Amino acid sequence: MAAAAASSPFPAASKLAAAHPPPEGVKYAYGTAGFRMRAELLDAAVVRMGMLAALRAKQTGKAVGVMVTASHNPVADNGLKMVDPSGGMLAASWEVLAAKLANAGIADVGAELAAVAGEGACGDAACEGAVVIVGRDTRPSSPALADLVAAGVASVGGSVLDGGVVSTPQLHYLVGASNATARACESARLGGLRPDVDGYFARLATSYKACLAAAAVDAAAAAPEQGTTIIDAADGVGGPQAARTASDLAGALSWEVRNAGDSASLNDGCGAEFVQKGRTPPRGVDAASDALPGSRICSLDGDADRVVFHAFVPAEGEAGASWELVDGDKLAALLAVTVGALLKRAGGQAARLSMGVVQTAYANGAATRWVAACGLEVACAKTGVKFVHHAAEAYDVGVYFEANGHGTVVFSPAALLAIDHEADAAVAADPAVVSGAGASERAAAAAAALAAGGDAGAAVEAAVGAMTPGAAAVALQALTVLINQFVGDAIADALACEAALRIGGAPFGRWIAMYSDLPSRQTKVRVADRLALTTVPDESRLEAPAALQAAIDEAVKAVDCGRAFVRPSGTEDVVRVYAEAATVAAADELAAVVARAVFDLAGGQGSRP
């Protein structure tokens, strides 16, 4: 083996790969979440990804990131994902290279690296000057895996910048900020684009305060009115990040962080995944003590890139409280109506920007109807955050959230220039615009909307309508800095939602009441060959078999507010079924009818549903 390593085009890398062979029978698959499995199975993959990340950094001439995390998975799992120089997800073509290198035989690692590097770019110093930023979450297995990534980088001559314990969105920020040039507005007023963790937190605090100031919201007075937000940090890396944010915004924001320290209990009975999928509150909160007026709970996932809100809502005139969930669909609705209202009120170039809300076929139909009724364009994209993010980039301003709480608001370069132009012109004409004016008019307009029975969206639209165009432009500019442009960010998204609620002055219950979700049901059917089913690009309908789609259409027509679709699984021979209708019973029956149609018309296996 030593001789083989010596003859390899990458001798040190080949020797390192030989010291960390893949476990027998393990096949690595790099998906949207990167690699993810039991931690003890990952050594071979992570050491090779260190090598590949260095090659990516060398070829682009910019820093690349590697994050060691398994997000919402149990603590015994771990994983790895790479971050491209843009601060976004790894390019799809490199996902293929990642899987190929991870699964290569030990004797073939050098050749695989050479195929990526190209002729004349091999050897132990091939990646000299390349920088890879490595971050990790709080799992017990993460430090050792991060060390293996660093060893892989060094084996091909690259350098490692240790990002330490960070959230996944923070690592995306560190990479993007390291390779980007700050916008003028950020340099002048909003803290710049500093490529370090302190710079990340400075942006959050400065832009949050700037947004509320421009909207004439007294943050210190607003926090008690809105109640305390309990942060369920999933016993993950989001705990210390949320605590730092709360400290930086003391007096302007009331956050109480729970489930924040025990990594051995990571994602166990807590966190966004547990809350959203199980439709149940996390441990550490209860109706008896947390059903307070205005209070709400915000659950992060293990690596703090997803967020959902929920609350115990006291029953009017009765004892007790009901538990209510605000998932990603409602986050998207609130942020879309807020950003849309600010664009319209800012006027000029900002008002001419295109804007769309991107959903997947799994978005609840009530959410789709509500957003469309607000006059906003709605688009549907294939399931998976990388597809939704790409679809959002087709607009000047694209809003997307999956129901699980992963999402953001994406502003194109043209949109940022237009918004900066309007904001900078407003400040030049009247520097006092940054501290807002017309607080009483804004508050009165929002209160009138709420008194008329309006929801949180109506309150935001009314409040923004009472702002001056200049103040709207400055508040919007601050939001473009607050919202993470690189990837979904639980803490930044939570702050953006807090800002929207404060601008509108709406209690949390009005956000919940924006619309009521239609009952839905999901199931799956085992089939002989899932590849026999093909869908249209957004997966909302089948292209084949045509007879099955016709059967689904007939079943949908038979129920009020009916909608259903099926899609083949990406990993196993099953077909996933989604159905929704006006009542729980109708949704259950529609799902059953569609499942039987799949079984009959698509080669069902086992017992008929």
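A Cβ is built for glycine as well, from the same backbone N, Cα and C atoms used for every other residue.
Since the structure is predicted, the reported quantities are computational estimates derived from the model, not experimental observations.
So that you can see what the record holds, here are the features copied from TrEMBL:
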- Ser71: active site, phosphoserine intermediate (ACT_SITE)
- Ser71, Asp301, Asp303, Asp305: Mg(2+) binding site (BINDING)
- Glu402, Ala403, Asn404, Arg567, Pro568, Ser569, Gly570, Thr571, Arg576: substrate binding site (BINDING)
- 57-93: domain 'Alpha-D-phosphohexomutase alpha/beta/alpha' (DOMAIN)
- 125-182: domain 'Alpha-D-phosphohexomutase alpha/beta/alpha' (DOMAIN)
- 229-308: domain 'Phosphoacetylglucosamine mutase AMG1' (DOMAIN)
- 327-425: domain 'Phosphoacetylglucosamine mutase AMG1' (DOMAIN)
- 536-596: domain 'Alpha-D-phosphohexomutase C-terminal' (DOMAIN)
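Features recorded in TrEMBL, as mapped to the structure shown.
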| residue | record | DSSP (3 states) |
| --- | --- | --- |
| Ser71 | active site, phosphoserine intermediate | coil |
| Asp301 | Mg(2+) binding site | coil |
| Glu402 | substrate binding site | coil |
| Pro568 | substrate binding site | strand |
| Arg576 | substrate binding site | strand |
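Residues 32-39, 42, 45-46, 49-50, 117, 121, 126-127, 129-137, 139-142, 145-146, 149, 158, 161, 163, 166, 168, 171-180, 234, 237, 263-268, 271-274, 301-303, 305-306, 385-386, 389, 485-487 of the same chain, all 6+ positions outside the domain 'Alpha-D-phosphohexomutase alpha/beta/alpha' (57-93), place their C-beta atoms under 8 angstroms from a C-beta of that stretch. Sequence-distant neighbours of Glu402 (substrate binding site) (same chain, 6+ residues apart, CB-CB distance under 8 A): Gly328, Thr360, Tyr362, Val385, Val388. Ranked by Cβ pairs under 8 Å to the domain 'Phosphoacetylglucosamine mutase AMG1' (229-308), the stretches 125-182, 327-425, 536-596 are led by 125-182. Checking the recorded positions (Ser71, Pro568, Gly570, Arg576) against Asp305 (Mg(2+) binding site) with a 10 Å Cα-Cα cut-off leaves Ser71. Remark: secondary structure over the domain 'Alpha-D-phosphohexomutase alpha/beta/alpha' (125-182) totals 26 helix, 13 strand, 19 coil, with classes taken from DSSP. Among the listed binding-site residues, namely Asp301, Asp303, Asp305, the Cβ with the most fellow Cβ atoms inside 10 Å is that of Asp303. In this view, Gly570 (substrate binding site) is surrounded by 11 other Cβ atoms within 10 Å of its Cβ, with every protein chain counted. Ranking the recorded positions Ser71, Asn404, Pro568, Gly570, Arg576 by Cα distance from Asp303 (Mg(2+) binding site) puts Ser71 first. The recorded positions considered are Ser71, Asn404; of these, Asn404 has the fewest other C-beta atoms within 10 angstroms of its C-beta.
The closest partner of Asp301 (Mg(2+) binding site) among the recorded positions, by CA position, is Ser71; the full candidate set was Ser71, Asn404, Arg576.
In this structure the C-alpha atoms belonging to Pro568 (substrate binding site) and Ser71 (active site, phosphoserine intermediate) are separated by 25 Å. A simple way to gauge crowding: the CB of Pro568 (substrate binding site) has 21 other CB atoms within 10 angstroms, across all the protein chains here.
Around the Cβ of Arg576 (substrate binding site), the same chain contributes Gln522, Thr523, Lys524, Val566, Arg567, Pro568, Ser569, each under 8 angstroms and 6 or more positions distant in sequence. Taking the centroid of the Cβ atoms of Ser71, Asp301, Asp303, Asp305 as the Mg(2+) site, the other same-chain residues with Cβ within 8 Å of it are Thr69, His72, Ser167, Thr168, Gly236, Ala272, Leu300, Gly302, Ala304, Arg306, His406, Ala490. Rounded to a whole value, the Cα-Cα separation of Gly570 (substrate binding site) and Ser71 (active site, phosphoserine intermediate) is 20 Å.
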